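Listed in TrEMBL:
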{"type": "DOMAIN", "residues": "36-216", "note": "domain 'BPL/LPL catalytic'"}
{"type": "BINDING", "residues": "Arg80, Gly81, Gly82, Leu83, Ile84, Thr85, Phe86, His87, Ala146, Ile147, Gly148, Gly159, Leu160, Ala161", "note": "substrate binding site"}
{"type": "SITE", "residues": "Lys143", "note": "site 'Lowers pKa of active site Cys'"}
{"type": "ACT_SITE", "residues": "Cys177", "note": "active site, acyl-thioester intermediate"}
Amino acid sequence: MRGVRPVVEVVRLGLVSYPEAVRLQQVYVDRHRHQSGPAHALLLCQHPPVYTTGLRQAPYPAALLDRLRLLGAAVHRTNRGGLITFHGPGQLVCYPVLHLAGFKKSVRWYVCELEKTIVSVCSRFGIEASTSPHTGVWVGDNKICAIGIHCGRYITSHGLALNCNTDMSWFGHIVPCGIEGKGVTSLSAELQRDVSVEEAIPHLLDAFGERFDCRLTDAQTEPDSGGSSA
């Protein structure tokens with residue numbers, strides 16, 4: 001049993017490029033490593049259209065990646081788990097940078113808690129979501145939230161992407177997360193009304209605080225964003 005609830009700093013980045021979000025995550029990872037600044041952070045953002053590829057043995061064919069770029073999206077390789085997915089406006093992206101020593105030193109536990117957090121978020125909207133042998137959160141056979149993490153020395157990065165009012169047509173150009181025969185959905189599609197990222201954020205924060213038994217506090221200072229967030 002932990003004696004004191006961990007404090008997690010909520011950092012609201014707004015619309016930010018994918019490389020900038022990766023850089024900012026590293027800023028917070030380095031804080032952990034050097035024990036400087038707040039111990040844990042929850043980075044919330046949206047991205048301009050981007051396809052990201054996770055760790056796999058063979059690289060994706062260059063022709064496929066070029067075709068995706070022609071759609072007007074950026075393409076980036078990452079060091080997270082999982083295969084290819086899409087991020088874009090209308091998707092709530094959450095990057096928890098946590099030192100699991102302050103929670104539970106188990107990567108499997110951590111991923112399960114992320115999944116349960118999103119199941120709880122969906123429940124708050126009246127949507128019955130569930131987990132499956134495939135990582136992520138699902139409504140039937142359609143994925144509503146992708147999860148892909150990196151964890152080094154029990155410090156987490158990357159995280160989850162919850163579809164709120166995302167333009168779902170972007171997913172039609174890939175096999176999301178490499179899972180054949182499955183679809184994608186969003187909060188808006190399930191509820192048949194517009195659900196914005198801004199509407200979803202309070203529910204995500206409440207559910208995260210409950211699942212991880214932590215106290216959330218808004219960031220007191222803006223991170224060094226390099227001027228690329230909006």
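Cβ atoms are placed via backbone N, Cα and C, with glycine included.
Automatic prediction, not curation, is the source of TrEMBL annotations.
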The mean pLDDT across the domain 'BPL/LPL catalytic' (36-216) is 93
With a 10 Å radius around each C-beta, find which of these binding-site residues (Ile84, Ala146, Leu160) has the fewest other C-beta atoms nearby. Ile84
Rounded to the nearest Å - Cα separation of Phe86 (substrate binding site) and Lys143 (site 'Lowers pKa of active site Cys'): 12
Rounded to the nearest Å, what's the C-alpha distance separating Lys143 (site 'Lowers pKa of active site Cys') and Arg80 (substrate binding site)? Just drop the number here, would you? 18
